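Database features, via TrEMBL:
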DOMAIN    7-98  domain 'Pyrroline-5-carboxylate reductase catalytic N-terminal'
BINDING   Ile8, Gly9, Ala10, Gly11, Arg12, Met13, Ala70, Met71, Pro72, Pro73  NADP(+) binding site
DOMAIN    161-264  domain 'Pyrroline-5-carboxylate reductase dimerisation'
Amino acid sequence: MNSTFLFIGAGRMAESMIKGLQSAKGQNLSIIAANQGNKERLQHLFSMYGVETTTDWLHHVKESSVIVLAMPPEAHEAVLEQLSTMIEGQLVISVAAGIGLKKLENPLPPGTPVAWVMPNTAAETGESISLYTYADTLNENQVKLLELLLNSIGKSEYCSEEQIHKLTAVTGSAPAFLYEFASALINAAAGYGILEAQARKLVSQMIYGSAVMLQSGVSPIDLRNAVTTPGGATAAGLDVLNQAGFGMLIENAVKATNEKAAELGGKQENEEK
Ligand SMILES: NC(=O)c1ccc[n+]([C@@H]2O[C@H](COP(=O)([O-])OP(=O)(O)OC[C@H]3O[C@@H](n4cnc5c(N)ncnc54)[C@H](OP(=O)(O)O)[C@@H]3O)[C@@H](O)[C@H]2O)c1
């Protein structure tokens, strides 16, 4: 059976998902991409992936099996309101930070199947770790379509809605923290006269190798200890980080990210408990 994915929002995340779905071989899929008027962007998606594009997404709701809201959290309220006039049981998936299931369900007709997915930037290379949850109104085929989307951009983990709110920073935003760290290392290398291109190559392989070590199942503390001789050079560097409260800084960054995501998604304080 042919399934049509309608993307409302045609930015970076929509493109990663479209790219992923296009390479999900053997699937009978159609894709329509819409935004709020950026025609160049739609032209780009058409020429890169051959998908149908429109600025009038409302007229494509009926023919769609899955509607993916790949736009900022602030845009959801108005779009859901419009969607509610046309939708007839199609699966609605949002990838926006801070949204949650209730925020999707409330404006839509009762029983509309909804899912919330929190991917990350590595979806672009098929290496996202995506958190997801869904309402119990999804039928078997809709769960399969959700899984198809998730698998097309990397790995995924089913979570409770509350866990996604708490983990948004850790999986969705922490890549930016890591890139900040990488950039600081590259700058430190530049201070010793190392060219940027060379430093970037070294730092990215260092991060990749460290990630592979982490995936082997050894704890980060054991891995850290394995490269830290007491009183040695690495220990001297770690002392600087710890004296500056590195762990606490990260904790505060996670908290600030989650609070902002909840605010942008319109999550009420009392929902967070
Ligand atoms: N990028 C990531 O790594 C990442 C990770 C996790 C979650 N997300 C979530 O994914 C969503 C999209 O992020 P992005 O990075 O793809 O953003 P983006 O590149 O800025 O794209 C946003 C898209 O939303 C469209 N849009 C905005 N308001 C709209 C409206 N009222 N109706 C229809 N389309 C509308 C924009 O259309 P125009 O261009 O026409 O204005 C644009 O196509 C956000 O909610 C974000 O939280 C992103």
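Glycine is no exception: its Cβ is also placed from the backbone N, Cα and C atoms.
Here the features listed in TrEMBL are painted onto the structure.
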| residue | record | Cβ contacts under 8 Å, 6 or more apart |
| --- | --- | --- |
| Ile8 | NADP(+) binding site | Ala34, Asn35, Trp57, Ile67, Val68, Leu69, Ala70, Met71, Val79 |
| Ala10 | NADP(+) binding site | Ala33, Ala34, Asn35, Asn38, Arg41, Leu42, Leu45, Thr53, Ala70 |
| Arg12 | NADP(+) binding site | Thr121, Glu124 |
| Pro72 | NADP(+) binding site | Gly9, Ala96, Leu264 |
Q: Check Arg12 (NADP(+) binding site) against DSSP and tell me helix, strand or coil, would you?
A: helix
Q. Over all shown protein chains, what is the count of other CB atoms within 10 A of the CB belonging to Ala70 (NADP(+) binding site)?
A. 25
**Q.** Residues Ile8, Gly9, Ala10, Gly11, Arg12, Met13, Ala70, Met71, Pro72, Pro73 binding NADP(+) per the record - widest CA separation, whole Å
**A.** 15
